[in-house]
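Summarising the annotation, Swiss-Prot assigns zinc finger to 26-55. The compositional bias 'Low complexity' annotation in Swiss-Prot covers 75-102. Look at Swiss-Prot and you will find 115-130 tagged as compositional bias 'Polar residues'. Annotated region 'Pseudokinase domain' per Swiss-Prot: 263-524, in sequence order. Swiss-Prot lists R315, D364, Y365, H366, P367, L368, S369, K370, T371, S424, K425 with the feature ATP binding site, giving sequence analysis as the kind of evidence. Among the features that Swiss-Prot reports, coiled coil is placed at 525-563. Swiss-Prot lists 564-661 with the feature region 'Knob domain'.
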Amino acid sequence: MASAGKPALDDSRRGTGSPKIKARENAKDTLCRNITIYGRCRYEDKGCAFNHDPHKVNSSYQSDSKKRFNVDSPSFTPSLLSSNGSSPTSTPATTKKMTTISPKAANAAPFQPRSVVSRSNASTPGLRQDTVTPDWTVAEVQEFVPQGFDNSHLATLQGNGNGPITSTSPFDPFVTTSTPLSAGGAVGPVQPNPYSHDTAAALGGAAFFPGAAGFQQPVQYHLYAPIGPHSQNTLGYQRNVHDLFLPNDFREELQKKAAATLQTLPNTQLPAQIDYFHSLVPLDLNHQKNATIFGFPSWVYKAQSSKDGNFYALRRLEGFRLTNEKAIRSVQAWKRVCNGSVVTVHDAFTSRSFQDSSLIFVTDYHPLSKTLAEQHLGAGQQRFQGRQNVHIPEQILWGYMTQIANALKAIHSNGLAARVIDASKILLTGKNRIRLNACAIMDVVQFDSQRTVTDLQRQDLVNFGQLIVTLGANSPTVMHNPTKAMEHFTRAYSPQLKNSVFWLLNGMQKDQDRNIDIFITGISSQLMSTFDSALHLDDQLTSDLSRELENGRLVRLMTKLNFVNERPEYEHDRQWSENGERYFLKIFRDYVFHQVDVQGDPVVDLGHVISCLNKLDAGTEEKITLISRDEQSCFIVSYKELKKALESSFQALMKPARRMH
């Protein structure tokens, strides 16, 4: 049986084998490839059937092209035209065949190219020239002119400094306008917009070449540009860690403030709730009672509001009894004071939650803030005890003075007086950033005071000057001897600062008008320096914020990948089965997150994940190799194709018809 079947197998192979190569009929007119490649053919005298003369081939090609494209060739005439109803001897079959040509087609004029009329001197179209006409040229071909082209746009398209463009230029289909193109001009090349998502639409060709159905490119939020000004003079190839992330100290500061805001105190003896506030946490570092400033012991707590969920600072005056209801209403005027150098007052009320009669003031909470006394006075005494005190730099003192002057300007403009300008009640909320605190308390505690507002405002100026002298001497008790304090201040600082402080200390004198506006006019040069520093800080914060712009884009990409991959409800749906683009999206997920090393251990590389997702987000042309889990399929795709597949799959998932399944 085996021997019998073998000839049949040979016959089948012989029957399906390649046929014998026959000699080409036009081989003599075809140039030998060896002549083209090597310049000679060693088989020329050994039976090579191809032509070995290049000049002969070119001449034959030109003659052939003249035969095919000669415009003076005889006009086309239908073969049945001569016998259409004119031959009496035509057979019935021929007559039936001739009836298929309509009389209008039979009487049509013979075809003649339009260019013959323009190049012929004869008066009749049927007369031909005996001279040899040249071949066709591109300029003689009638150009295609679309309807709806605007000639007014030629100036903008040709405005490249090269002069007008002749009509022999080819038509550019990527420009659309509203009126027909004039005969005297054509369209020049248009530079594409590299930032446009739809290139055809950007060049104006959407009307002629409608784009294929696909996903719509999202906003280019991955195109980041460094926002100036740039304070560091680095070379183009040099990089700093601050170019990629927030400055480390700034990030740590924000994280610490967030942790301090959310801090709780378990097993506390404090009340669980005070009015509409709960979760009280004490903020005082000194647990000794001190009634020097307000006349009552005061305590500060952090609490969360049940109304809006925000955190506030509660200042409690222990043992205060409200005798006049109008006193607490004076806080309403302080609610209208909105200034960056004043801690905003929100509310004031009495409470017995601490088992006594207490007065509670509600103000803004600034986490991890210090007082000027803690920053400069207390730290100076502990650290430099027995040494010469270190003076605060003069520029920092000027910054403090301009901010306090700004606060007093807002307070005095509302017909109020701060009344409390003390180093222990001024908060340092940032780098050289201070705010006046506890200003409204004295208006309630000393409501029955007979002093006028003008007198209290003058006293604010005196307290202001004493504060600067205290900070300059770096000692809280220096004002017990004012003469010695000013001598010490004069030796350490400039005459301008000394004269400004001396003017403030004499604020109670009646010899001349003294108010905060006059003081601000006197320190206007320092105000400009502080304002310039604030502008630099604003630029720095804007630059830092720009690096965090759209920092959730990688999360969106991972969310889309998980939405598309391995959906169990569409497992048997042919339109949604994991084939095609959805299949290599699944493999791409393994490529990003499920890689293993040579030993088969999982590779946990955050840099690889971020790099792949960034390239996917940008849609780069870089190609990667994706291999299936069974190692039977291999794909070579680019990130651009992956991005398009992801967007189209996600858009298909969002269709209403898909959601109805």
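Count begins at 1; order follows the chain as displayed.
In case you wondered, yes, glycine gets a Cβ from its N, Cα and C as well.
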Among R315, D364, Y365, H366, P367, L368, S369, K370, T371, S424, K425, the record's ATP binders - longest CA distance, Å:
17
Just to confirm my parser: what is the rounded mean pLDDT across the region 'Pseudokinase domain' (263-524)?
89
In DSSP terms, helix, strand or coil for K425 (ATP binding site)?
helix
Under 8 Å by Cβ from Y365 (ATP binding site), same chain, sequence gap 6 or more
T261, K302, F311, Y312, A313
When secondary structure is assigned with DSSP, how many helix, strand and coil residues does the region 'Knob domain' (564-661) contain?
49 helix, 12 strand, 37 coil
Taking helix as H, G and I and strand as E and B in DSSP, count the residues of the zinc finger (26-55) in helix, strand and coil.
10 helix, 2 strand, 18 coil
Nonlocal neighbours by CB distance (under 8 Å) for P367 (ATP binding site), same chain, sequence gap 6 or more
K256, K257, A258, A260, T261
Does DSSP give T371 (ATP binding site) helix, strand or coil?
strand
According to DSSP, which of helix, strand or coil covers Y365 (ATP binding site)?
coil
